[in-house]
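Engineer: Reproduced below are the annotations present in TrEMBL:
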- 4-307: domain 'Phosphofructokinase' (DOMAIN)
- GLY12, GLY114, ASP115, GLY116, SER117: ATP binding site (BINDING)
- ASP115: Mg(2+) binding site (BINDING)
- GLY116: site 'Important for substrate specificity' (SITE)
- THR138, ILE139, ASP140, ARG175, MET182, GLY183, ARG184, GLU235, ARG276, HIS282, VAL283, GLN284, ARG285: substrate binding site (BINDING)
- ASP140: active site, proton acceptor (ACT_SITE)
Amino acid sequence: MTKRIAVLTSGGDCAGLNAAIRAVVLHANTIYGWEVIGIEDGTRGVMERPMRVHPLAPSNFDGHMLRRAGTMLGSVSTGDPFAFPSPHGPVDRSEEIVTGLKDLGIDGLIGIGGDGSMQILDKIMQRADLPFVGIPKTIDNDVFGTDTTIGFDTAVTVAVEALDRLHPTAQSHNRVMILEVMGRDAGHIATHAAVAGGADVCLIPEFRYSIDGVVEAIQSVGHHGRRFSLIVVAEATPKSDGTQAMRPRPGGGERYGGIGEWIGDELEKRIGADVRVTTLGHVQRGAEPNAADRVLASALGVHAVDLMAKGKTGRVAVWRNRGVGDVSIEDVVSNKRPVSADDIVVRTALGLGIYLGDVPLAHQP
Ligand SMILES: Nc1ncnc2c1ncn2[C@@H]1O[C@H](COP(=O)(O)OP(=O)(O)OP(=O)(O)O)[C@@H](O)[C@H]1O
Ligand SMILES: O=P(O)(O)OC[C@H]1O[C@](O)(CO)[C@@H](O)[C@@H]1O
Ligand SMILES: [Mg+2]
């Protein structure tokens, strides 16, 4: 009997989501002969009635989908279904999603998401008692069990392009240029961009730093005859007193933002540096996927379908040691993946003399 599976994208969008959806549809349909249903706007598409779902066929990908940024299915990153906002306070609407998935008559779901999405999808799929395979994506690269996530490489490329443009203007005006990058609670984008973009300082939430240390790094560059410097700072890096730079949201709550400006102000106060700050923001999410992300998305999409075909479900397809593999969804949702002191990119940054703050001594070169 023909199998029917569904696919959705969830959490913040990133480059390579359409490439992953395409790989799932091409492999499931062409190789296994399965039907594939696309669920719109993550779990929202099966929570609402009528449900917002549509069949996906290889012909949907004859155009530019492999190359296109964003997600053709739409995504969701607000409105936790277990505490969904309502005029009477948060309500649990997960049962509507469970019923919706069952009503689709599917034999399994492939969910393309980051850490937050995997947590929500895991709980929902356990209640639905349906086979699930996850595919990790996020510009933040903070998903446990995989060397890299779909969208990370492209986001780093965007950050490096920004440094490439900041470098000549920093040089022309003898300025300190600060680039604030995304990454949520992790500094992966920052460390990779700092190494690839030739930064002098890289501040991330994982390592403590001091403004004195930053000043020293800038001055030491000056002693070597260079009168400008480049600083990369990850959005969740705290101020040096440990408090977080946050921007309030009009509807309540807050989001990361402002650490670049704060560091810039400190440097102006301390050493009178001529500082300019660039906050890169969502351009890191919107780029067309580069070749590495297209390959990764395609490999994980194909592998996820193979896992489903073998009945290896409750798993997340991952990329490790230049190959595909899988880890349990429990491992993915119960572990974090911060930048570690023995990460090769951290060791490389230290080896290049980039100031990273207090990286545990045992790991200093
Ligand atoms: N199905 C969902 N419904 C509502 N909100 C969701 C859903 N899935 C994830 N989210 C929320 O989306 C936000 C995105 O954060 P989170 O980083 O955890 O998502 P993600 O899937 O890991 O993707 P990314 O890291 O790329 O943003 C979180 O607040 C998370 O709770
Ligand atoms: O799109 P939003 O809700 O502003 O979320 C931004 C966050 O999402 C990400 O882009 C991806 O998780 C983070 O790097 C960033 O903190
Ligand atoms: Mg996440």
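Backbone N, Cα and C define each Cβ position, glycine as well.
Because TrEMBL annotations are produced automatically, they should be read as predictions rather than curated entries.
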Engineer: For ASP115 (ATP binding site), which of the binding-site residues MET182, ARG184, ARG276, VAL283, ARG285 has the nearest Cα in space?
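Structural biologist: Answer for the nearest of the binding-site residues: ARG184.
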Engineer: Determine, for the ATP site, the additional residues of the same chain whose CB lies within 8 Å of the mean position of the CB atoms of GLY12, GLY114, ASP115, GLY116, SER117; present them in sequence order.
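Structural biologist: After dropping the recorded site residues, what remains is SER10, GLY11, SER77, GLY113, MET118, THR138, VAL143.
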Engineer: Give the number of CB atoms, excluding that of VAL283 (substrate binding site) itself, located within 10 Å of its CB.
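Structural biologist: 13, counting other Cβ atoms within 10 Å of VAL283 (substrate binding site).
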Engineer: What binding-site residues among ASP115, MET182, ARG276 have a C-beta sitting less than 6 Å from any atom of ligand 2?
Structural biologist: MET182
Engineer: Between any two of GLY12, GLY114, ASP115, GLY116, SER117, the residues recorded as binding ATP, what is the biggest Cα to Cα distance in Å?
Structural biologist: 11
Engineer: If I take the alpha carbons of ARG285 (substrate binding site) and SER117 (ATP binding site), what is the distance between them in whole Å?
Structural biologist: 17
Engineer: In sequence order, which residues at least six apart in the same chain have a CB under 8 Å from the CB of ARG276 (substrate binding site)?
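Structural biologist: Listed in sequence order, they are ARG175, VAL176, MET177, ILE178, GLY264.
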Engineer: For GLY116 (ATP binding site), write down the residues of its own chain that are at least 6 apart in sequence and whose Cβ falls under 8 Å from its Cβ; none is a fine answer.
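Structural biologist: GLY11, SER77 - these are the non-local Cβ neighbours of GLY116 (ATP binding site), listed in sequence order.
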Engineer: Name the secondary structure element type, per DSSP in three states, that contains ARG276 (substrate binding site).
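Structural biologist: Where ARG276 (substrate binding site) sits, the three-state DSSP reduction gives strand.
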Engineer: Calculate the distance in Å between the alpha carbons (Cα) of VAL283 (substrate binding site) and GLY114 (ATP binding site), and round it to a whole number.
Structural biologist: 18
